[in-house]
Number of protein chains: 2
Amino acid sequence: MSAPVFLGVIGVGGVGTAFLHQLAPHPPRPLHSNPPLPDPAYSPSIPAAEWKTASATPSLTKSGALSAEEIANYLSSAPGRSILVDNTSDPALAASYPVFLRKGISIVTPNKKGFSSDLSLWKDIFASAAQGNALVYHESTVGAGLPVISTLRDLVATGDEVTRIEGVFSGTLSFLFNTFAPVGGACAGRKWSEVVAEAKELGYTEPDPRDDLNGMDVARKLTILARIAGLEVQAPDAFPVESLIPEELRGLDGSAEGVKTFMQRLGEFDGQMTEIKESAEKEGKVVRYVGSVDVEKKEVRVGLQRFDKDSAIAGLKGSDNIISFYTKRYGSNPLIVQGAGAGGDVTAMGVSADLIKVVQRLQ
Amino acid sequence: MSAPVFLGVIGVGGVGTAFLHQLAPHPPRPLHSNPPLPDPAYSPSIPAAEWKTASATPSLTKSGALSAEEIANYLSSAPGRSILVDNTSDPALAASYPVFLRKGISIVTPNKKGFSSDLSLWKDIFASAAQGNALVYHESTVGAGLPVISTLRDLVATGDEVTRIEGVFSGTLSFLFNTFAPVGGACAGRKWSEVVAEAKELGYTEPDPRDDLNGMDVARKLTILARIAGLEVQAPDAFPVESLIPEELRGLDGSAEGVKTFMQRLGEFDGQMTEIKESAEKEGKVVRYVGSVDVEKKEVRVGLQRFDKDSAIAGLKGSDNIISFYTKRYGSNPLIVQGAGAGGDVTAMGVSADLIKVVQRLQ
């Protein structure tokens, strides 16, 4: 159980940096192999002694970038099993997972792109893993470090019938609605545009808040869960996704100027959101942005829904996620997982825990 | 990844039967080995073709029972890695896990006894596993199939600091208090002894309800979690455990007559429980039976506590468990796991999922 395993780590953003810190108690050892590895001039690796500075000098990884094929060749030349940890959100790298997997290189990643794009890529990834006898772990693609993917896979693998999955899957949208329409204070009078602006200030949204408000991040997570539960979802736009971007503002471009104009004009539409909130309030409910998979009806939906004030979803705090699994074995009361579903540290924790499991299986 | 793995399964009670049904899609293959296995007359095994009837004929396993040492010798004679699945709650079998582990036989079990008795046994189990290069998985010892042990181990392994664990760890006590002191109807007027009698009727309690009411089952679960979190808890009675058995009835013996007398006389003490309920009600709270581990203070406690009516613990339904992990990374909002924490099917699911993981690591 002590064969060396070789790691390739790509990405030194928020998650990548936190991941490297979590790896710190287990510093990599420099590799002296026989036969020698390819010429260092060709090598995309950061010298082991310099790994700690890598997060401070991202140019180290970006300079002289090689193609996925070249990186895969490099990793597969290691004298043992190797693992690619992809801490980016790069769709191009995700699209080349099959190249790595077919060469026997396992994948550990929080990058949603590979699992939530076209169904053909999903199928290619898992077929390539089987072909290359390699592993794919991606816990942090849904709910960050929360045990969501692993729990769903355990339910499916042990023969339970998952009938429905429902929850709040975006920390940003959780914060926005918990603040805009709190259970105890719907009359607090906060305007939607003010809450969005505050969340942007606090760094709770993407640099362009429209990337949260369009619902596509949630749609990608639901695509992943639905596929694990057995539904052949073609793409994250193949089912109804309610966008919170007012129709009138959808024409704005993605430039810094576009973001600015969007934030300036969002207030013009506060009345629409207030109406949605007050209409729920009249029923004694609150509105939340949720995703759901109905496995039996083969329906996936993402958008606003009303919830009783004493429900678990209504009672969510801060920017927490909540995910409920309804299954045959668990009956009317679902299996629920709840907690922070975003942030560098907890996302990296999911990656680190996956890495430990993959290393244990490869050794 | 396809070396055969050999399974020994002991226990055909509620969990054992459900486990065998979950294993049904993967029926064991009869073994033709070279050199041949020990003389069948000596073998404790049920012929593979008869495994389905095993649950209906428990005498098959009980007749001619061999010592743990003999069973371990038999399993270790298999021409590959082997796993003992212990679906009993037998303390004697649990005490001999080290014998199996030192021979390289991995353990998968929902049996709490090995992990919650004297600290010396806990240490012996994990030292023996390291020595024998064997694995120990016991997800179902806490919260049945809920991802509790695995989540805690992931938090610890990735370097998070678990500061506090708190929750409702007994399905039986969850049901009793959710029924006796519901959030919405403290005035419903149900008497404690009536609720206990109803739970016994429904099969929600142990045959002797005192085995639930004495709190030791919860104490054993807390012992396990505290140890994984790093506390050296000597034994499940080494910290305060509040018993719900009235002092005056603690002298009754464990016979059927003792159970009957206990149930008959429990009503004499309804006033005490009503007082506890009403006293909480005056503060606008409800009373629940919880366990907690304060890792920093090194304190473990099991007993009654009051909770705000809008808290997650107060809002629990039916016989659900809830477990909150407070950690440095997760901050003020804990990571929460909630759902059915008892029952044959969901307990067996934890065992089956563990078995899959062990097989994956051994292959």
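Each residue, glycine too, has its Cβ placed from N, Cα and C.
Just so you know, TrEMBL annotations never went through curation; they're auto-generated.
Annotation source TrEMBL lists NADP(+) binding site at A:Gly11, A:Val12, A:Gly13, A:Gly14, A:Val15, A:Gly16. According to TrEMBL, the domain 'Aspartate/homoserine dehydrogenase NAD-binding' annotation covers A:11-139. What TrEMBL records for A:Thr88, A:Lys112 is NADPH binding site. The feature domain 'Homoserine dehydrogenase catalytic' is assigned by TrEMBL to A:147-356. The L-homoserine binding site annotation in TrEMBL covers A:Glu206. Per TrEMBL, the feature active site, proton donor maps to A:Lys221.
Locations of recorded TrEMBL features on the structure.
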residue  : record                    : Cβ within 10 Å
A:Gly11  : NADP(+) binding site      : 24
A:Val12  : NADP(+) binding site      : 22
A:Gly13  : NADP(+) binding site      : 14
A:Gly14  : NADP(+) binding site      : 16
A:Val15  : NADP(+) binding site      : 26
A:Gly16  : NADP(+) binding site      : 25
A:Thr88  : NADPH binding site        : 19
A:Lys112 : NADPH binding site        : 21
A:Glu206 : L-homoserine binding site : 14
A:Lys221 : active site, proton donor : 27
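Following the DSSP three-state reduction, the secondary structure of A:Thr88 (NADPH binding site) is coil. Annotation note: A:Gly14 (NADP(+) binding site) sits in a helical segment as assigned by DSSP. In the predicted structure, the domain 'Aspartate/homoserine dehydrogenase NAD-binding' (A:11-139) carries a mean pLDDT of 82. Listed in sequence order, the recorded positions near A:Gly11 (NADP(+) binding site) (C-alpha within 10 Å of its C-alpha) are A:Thr88, out of A:Thr88, A:Lys112, A:Glu206, A:Lys221.
Annotation: A:Thr88 are the recorded positions among A:Thr88, A:Lys112, A:Glu206, A:Lys221 whose CA atoms are within 10 angstroms of the CA of A:Val15 (NADP(+) binding site). Mapped onto three states, the DSSP output places A:Lys112 (NADPH binding site) in coil. Nothing from the recorded positions A:Lys112, A:Glu206, A:Lys221 places its Cα within 10 Å of the Cα belonging to A:Gly13 (NADP(+) binding site). Note: the CA-CA distance between A:Lys112 (NADPH binding site) and A:Gly16 (NADP(+) binding site) rounds to 15 Å. With A:Gly14 (NADP(+) binding site) as the anchor, the candidate recorded positions are A:Thr88, A:Glu206, A:Lys221, and the one with the nearest CA is A:Thr88.
Among the recorded positions A:Thr88, A:Glu206, A:Lys221, the ones whose Cα sits within 10 Å of the Cα of A:Gly16 (NADP(+) binding site) are A:Thr88.
Secondary structure at the residue listed as 'active site, proton donor', as computed by DSSP, is helix. The secondary structure of the residue listed as 'L-homoserine binding site', as reduced to three states from DSSP, is coil rather than helix or strand. In terms of Cα distance, the recorded positions that sit within 10 Å of A:Val12 (NADP(+) binding site) are A:Thr88, chosen from A:Thr88, A:Glu206, A:Lys221. Rounded to a whole number, the C-alpha distance linking A:Thr88 (NADPH binding site) with A:Glu206 (L-homoserine binding site) is 15 angstrom.
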